[in-house]
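Visitor: Summarising the annotation, TrEMBL assigns FAD binding site to A:ARG202, A:227-228, A:241-245, A:258-265, A:ASN279. According to TrEMBL, the feature domain 'Electron transfer flavoprotein alpha/beta-subunit N-terminal' maps to A:3-182.
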Amino acid sequence: MTILVIAEHDNKVLAPATLNTVAAAAKIGGDIHVLVAGQGAGAVAEAAAKIAGVSKVLNADNAAYAHQLPENVAPLVAELGKGYSHILAAATSNGKNILPRVAAQLDVDQISEIISVESADTFKRPIYAGNAIATVQSSAAIKVITVRATGFDPVAAEGGSAAVEAVAAAHDAGTSSFVNEELAKSDRPELTAAKIVVSGGRGMQNGDNFKHLYALADKLGAAVGASRAAVDAGFVPNDMQVGQTGKIVAPQLYIAVGISGAIQHLAGMKDSKVIVAINKDEEAPIFQVADYGLVADLFEAVPELEKLV
Amino acid sequence: MKVLVAVKRVVDYNVKVRVKADNSGVDLANVKMSMNPFCEIAVEEAVRLKEKGVATEIVVVSIGPTTAQEQLRTALALGADRAILVESAEDLTSLAVAKLLKAVVDKEQPQLVILGKQAIDSDNNQTGQMLAALTGYGQGTFASKVEVSGDSVAVTREIDGGAQTVSLKLPAIVTTDLRLNEPRYASLPNIMKAKKKPLESLTPDALGVSTASTNKTVKVEAPAARSAGIKVKSVAELVEKLKNEAKVI
């Protein structure tokens with residue numbers, strides 16, 4: 001059994017989600033190869049070669065792969081994937097975009113967002129926004145799977161010494177082209193990788209008040225998130241949204257501030273190790289999942305918390 | 001330009017689903033069913049394209065049980081011109097649905113196909129991408145903006161960390177994200193008019209499509225419940241607990 005893991009990267013840096021995906025591959029068992037499809041992504045391939053447990057890195061360097069366009073990358077993965085028992089990618093916006101296209105090209109069903117590996121052909125995944133967990137068995141010759149990063153502890157980024165092999169295959173479907181990208185810039189850690197996350201909800205009242213959360217987050221080295229209510233109200237941009245329709249996070253500590261705790265939000269953070277809720281409504285559903293609840297006015301509690309930590 | 005919109009009948013998003021005692025699935029008996037929220041956004045986008053004069057005809061299609069006619073009638077009331085139901089009582093996988101949609105695309109030859117990015121029951125997020133693979137069309141998934149000009153469409157996509165815009169040659173596949181638009185409500189006169197719009201029923205057999213699957217759901221369980229913890233009285237007590245009890249700061 002040999003497993004192909006699709007590296008998540010931006011041609012410069014290997015994204016941490018790749019380490020969680022390799023961890024899922026290690027649970028399945030067998031040789032693990034990593035595919036780096038990109039342009040001028042040699043440094044990414046070198047980083048992938050150092051991941052603990054990886055035995056080979058395939059580096060497909062071509063202008064057609066520079067922006068991860070699925071019309072070009074999927075045929076490459078489908079072609080290379082024919083020699084593998086499993087093809088895994090992180091359930092990031094990129095993995096979700098590419099992998100179903102690969103599965104359809106290989107004429108197999110995909111298993112999306114697994115959170116555990118039961119055996120080489122059986123996996124668990126959340127359905128109905130995490131309100132039920134399905135155990136799914138695949139009889140496909142090549143199992144195509146996306147991995148929810150929070151379900152697997154990352155493997156070590158160092159310790160491996162895999163060989164890097166160049167892949168010549170070039171696919172350019174010519175049906176799509178990249179126009180531009182606008183990425184939010186932040187000095188804070190990335191939401192899905194942060195050890196501590198501070199999130200604000202409708203209770204923040206406006207975008208300006210998020211400054212209280214940024215101050216607390218900077219003191220804790222935390223990322224800042226938001227509920228869908230806060231995003232829909234226009235307080236903060238949508239890439240900060242934690243929830244079923246946003247980012248799924250599972251940090252060591254999650255601090256929910258002024259968040260009522262809609263099912264949609266809980267689905268995105270309930271696997272956090274420790275949950276703190278600060279809300280002035282003591283009936284808020286968020287308190288039903290919080291390890292530590294504080295019924296208080298957030299505009300007094302948050303600045304005080306910032307001083308004391 | 002003809003636009004094809006795919007919609008799915010799913011449990012209403014306000015329903016708190018319960019897992020069946022025998023772990024065979026979730027209990028859908030006597031539960032309110034609705035159009036998948038992402039599919040509503042897809043219908044709305046098609047209607048707006050028609051209002052702008054970009055789309056000339058909107059065909060709405062659903063793959064599902066006979067009762068999915070209700071969701072198709074809703075789409076007709078919102079502004080779709082005609083409907084196709086591919087009837088199947090079985091629970092189909094995304095690949096099977098994509099194959100059926102491919103057969104409908106072959107028949108209808110739309111320039112643009114709009115789907116929801118995922119259904120809120122299976123949470124697969126696969127069908128649009130798979131349809132794109134089967135048709136060989138370009139795909140603009142998780143769209144927050146769609147602009148058709150000439151023989152191409154610019155799609156702004158919600159990606160981790162921001163937004164990306166791609167340009168796709170038509171025909172193309174678009175899947176909707178939440179912020180693409182805010183769907184309208186159907187007016188009573190339009191609901192009445194929708195009853196007279198054409199609705200064609202087909203079967204997978206008639207389309208010559210096999211819906212065999214390589215995935216089998218072995219069991220469905222309720223997630224591990226998280227028990228409520230304690231209420232602290234002050235910020236000082238909270239900090240003390242986080243430092244000494246939980247040891248997370």
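Count begins at 1; order follows the chain as displayed.
Including glycine, each Cβ sits where the backbone N, Cα and C put it.
TrEMBL labels come from automatic prediction, so no person has curated them.
These numbers come from a predicted model, not from an experiment.
What's the neighbourhood like for these features in this structure?
Guide: There are 17 other CB atoms within 10 A of the CB of A:ALA262 (FAD binding site), with all protein chains counted.
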Visitor: Name, in the order they occur in the sequence, the residues of the same chain whose CB lies under 8 A from the CB of A:GLN241 (FAD binding site) and which sit 6 or more residues away.
Guide: A:GLY225, A:ALA226, A:SER227, A:ARG228, A:VAL231, A:LYS247
Visitor: If you count other Cβ atoms within 10 Å of each one's Cβ, which of the binding-site residues A:ARG202, A:HIS265 has the most?
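Guide: Counting Cβ neighbours within 10 Å, the top one is A:HIS265.
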Visitor: Within the chain of A:GLN244 (FAD binding site), which residues six or more apart in sequence place their C-beta under 8 angstroms from its C-beta?
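Guide: Residues satisfying the criterion: A:ALA129, A:GLY130, A:ILE263, A:GLN264, A:ALA267, A:GLY268.
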Visitor: Would you count the other C-beta atoms found within 10 angstroms of the C-beta of A:ILE259 (FAD binding site) for me?
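Guide: Around the Cβ of A:ILE259 (FAD binding site), 32 other Cβ atoms lie within 10 Å.
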